[in-house]
Each structure stands twice: as structure tokens, then as C-alpha cells.
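Q: One structure, pasted below without further comment.
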């Protein structure tokens, strides 16, 4: 049976009933490199996907394709993208493995009890496969397991209540008959021990309690509404201004300038809302981002977020001039940039060759903005949605990062935060998409994707990639071109001839380093700025 995609991320979690004889572990002291080599030896690899998995003095296993390690060189993640041709079976002992996902991969067989050896596993997703048999009790001994997704399989029985097991997110069976105890035989009065009059009394009491509870809630809500109604009338038209622009800004002036948020003045749509051009006067033009009120738990949270960002100022960040917030309307007021966004710039540059110094300037400006958010803001600011449409340009090709104002803020003692996945498909870092754990290295990954788009004629998920296997993106394409000795063909038309080839290749390698799976290998944005400044064109 040919196993698609990431089948062998599952290691020793299960054995296929029709697979070959599994390899055995050589002992408790088996090193990760030896374990990976054993895994490779059990595969049929006609396309040489694992050709870099060779034990020699020039590199260690942490640099092999698809392998990510921690600071102790222990394997913590294995993502084999584009490995549809791998075939075989194997057992691998990786005690530090923390994340394993293989959904919709046509996996069969049973889950082996040796799953209990993965003491560091946090995410285990085996949904929509063809797994059978019973779920081994060893799974419930995995103390660090946070996410378990087994739905869409053919297991016997269902999930039982297990003592001392606390999962942050448990997704188990769909369309199963044995989730929880059956109640088919427990509905008769005889077995319940209750007479009809007793049942009627209980139901009546429950209804009375429910009605009283609703009345109390309505009473409290009504009092709160009356107490705040006058305040709302006074505040509904207020605009908080951070920057003195020489003219008064009122709610009526801004809303009228947007044409009352008419479609003709709409200049962009994003995850937080739509942006409108507001021309108050010929010399005072603003961009007004109208937010979806439901994204915030009331205007108090909104005020808290904005007040924390009031001092976030950098030459390459779009300037926040002011805002309005009430229970029915929220919008931010930014300076308007007439050069459009980077997404449109990339689409339209085919009409004329773009000089290397212009592309370099844009790349450096964005890197500086991100470095400021990550390194100089306290608490640090994570953007979480770096993409070309969130990078604005003026008429001199100066680049400005937008939409940072509503990203999550981290305390100084935190290096990451667990939250729902924000961002745009194609730009989201793989570890963020898989575990919802985001750090500044997720922004670095997104920056690498944007950098590849900036220097090439490809999009993150270019239509031309459809002929390749699932998961093939601009990173896969750039690696493929390099491996075939076609680095020159990565760059947009005319760029190789006008830009110094050595500098262009350095930027290409920077983009690929920003998009590696291993967080420890990805550079910081401060390091990216340092490299870009070193190869800065002499004439700007």
C-alpha cells in the first residue's frame, strides 16, 4: 500500500496489519540519528526524497530534510512534505518528539501500545484514516498530551472517562455508537426509581428556577443599560487623537469623508475589517479601517489594546493618528499612502523592470519594522499576518507595515502565546498552524514567504504549482530550482541582469532560511536586517 504524505510521522504509534516486519529498537540508549537512519532503511524511496539522510562528518541529523531538533540536538518534529512516493514501514524511538500529525492519509492497522514511549508528545492527530481495533490504554499515560484527534476512523468502542487525564482539546469519534454509556435501558420508571408525580415536580421546579434566572439577568442588564445610556450618548461621537495634524477631527468629519463608508471609497478588505479612503481636504487624506465590532469583547478591551500601542512608533510602521470606539462602531484612523500595497506592486511590475535597489529597499524597510516590533517594543508585538497586502508603499517606494495594531501583545516574560490561528493561508508558519502556538519566529516565516514573492514571479501558492504534490508552495519551488542549479530562474524578469548575482543569491538564501521548519535555525528579524544592510546597494 502506498502511503500518502506524512504517513511516517507516526513512527511507532501504530503497526499496519498488512505492512512489512517492523524494525526493532536497539535499546534505551539509541541515538536519534541512528533511529532516523533505521527509519530510512525501511522505506522504498524511488525519488531520493531522503537522500540527505546520510551519516557523515559534514552535517548532523538536525540539518537533514524535514528534521527539526531542540537545543540538545534531539528530534522534536519530523515533517516530510512532498513524500508521496515513500513506501514501507518502520518503528522509530524519538522520546523528545512533541508534535505528530497525519490526517486524511489512508493509514490503516492498529495503534501500537508503544505509543506510551512518546513521553513528550503534545499534539497527536490521526483523524480520517482507516485505523482499527481498540485505542491502547497507554495513550492515557501521556501526561503532556494536549490535543488528541482520532475522529473518522473505525475503532472498536468509544472514549471512556479516564482519571487524571486533562486534554486541552479532545476530538475523538464521529458517528460512533459507544461514546459514553448507553441509556436505552435506563428510561423506564421502574429502574429510575421515580414515580410520575415526582418527575413532574422536578420538571416544574426546574422551569421555575430557569424563569427566575432569566428575570434576574434581564433586571441586571436593564439597570446597567440605563446607567450607561447617558455616557454612551456623550461618548458615541468622540474621536481620540494621538497626533496633531493641524485640523480638528470629529466623528462627523471622518464618517462624511468616507462617504459614510461607501463602497466607492473602500480601498481594501482584511481579517479585521474594511479600509476606506477619507479625504477631509486636499492636504489631509486618511485611511480609515472600520473594524468588526464582534472581534472585541466590548469597547473596554479595545481601549486597552489601543492604549498599549499608542507609543508604538517607527518610520516603517503606518502611523496611527487616532481612533473611535463605542459599542456600535469602531474604527482606526491612519495616514493615507498613495503608493498602494505590495500585492498590487508585485502584480503590476511586469509592465516595467524594477531595479534591484527598489526591491532591496522594500525588503529592508519591512525587516526593520518587524525587528522593532520584536526587539524594541515592551511588551513585544507579534504581527501574525505578514503578507503583501499588509505592506503599504508611498510614491518613493518606502514601505510601511500595517495591521500591527491589533496583533497579540506578549508580556516580557513570555516567548510565545497559545491562541487561535490568525494569518493568511500560504503565509502561516507550519508550527503555528499545527499547534496554535505563535512566537516571533512565525512572523519570520511569513517574512520569508513575502521575500520570495518580492524577488520572483511566483505567489505563495502559485497556480503553476498545481501539477505538483499537495503541500508544494513557493518554498518547495525555490528549493527545487536551487537543487537543479537554476538559481537564476528564481528571480523576476531582468533582475538577475541588473542586480549583483552574489547579492541576489544571498537574499534568496535568507528567504529560505526564514522558512525552515526548525525555529532554532530561523534567524531573528534583527539578524535579517543586519544581512540586508551588509549587501545594501550603494545608490539609494
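Just so you know, glycine gets a Cβ as well, placed from its N, Cα and C.
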Q: What range among 178-198, 199-219, 220-240, 241-261 does Swiss-Prot record as transmembrane segment?
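A: Of the candidate stretches, Swiss-Prot labels 199-219 as transmembrane segment.
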Q: Quick check on the repeat 'LRR 1' (118-142): DSSP residue counts for helix, strand, coil, in that order please.
A: 5 helix, 7 strand, 13 coil
Q: At the level of the C-alpha atoms, what whole-angstrom distance separates residue 250 (phosphothreonine) and residue 258 (phosphothreonine)?
A: 13
Q: Please work out the number of neighbouring Cβ atoms within 10 Å of the Cβ of residue 385 (active site, proton acceptor), leaving out its own Cβ.
A: 22
Q: Distance check, please: Cα of residue 385 (active site, proton acceptor) against Cα of residue 334 (phosphotyrosine), rounded to an integer number of angstrom.
A: 18
Q: To the nearest Å, how far is the Cα of residue 334 (phosphotyrosine) from the Cα of residue 258 (phosphothreonine)?
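A: Between the alpha carbons of residue 334 (phosphotyrosine) and residue 258 (phosphothreonine) there are 13 Å.
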Q: Rank the modified residues 250, 258 by how many other Cβ atoms lie within 10 Å of each Cβ and give me the one with the fewest.
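A: Counting other Cβ atoms within 10 Å of each of the modified residues 250, 258 gives the minimum at 250.
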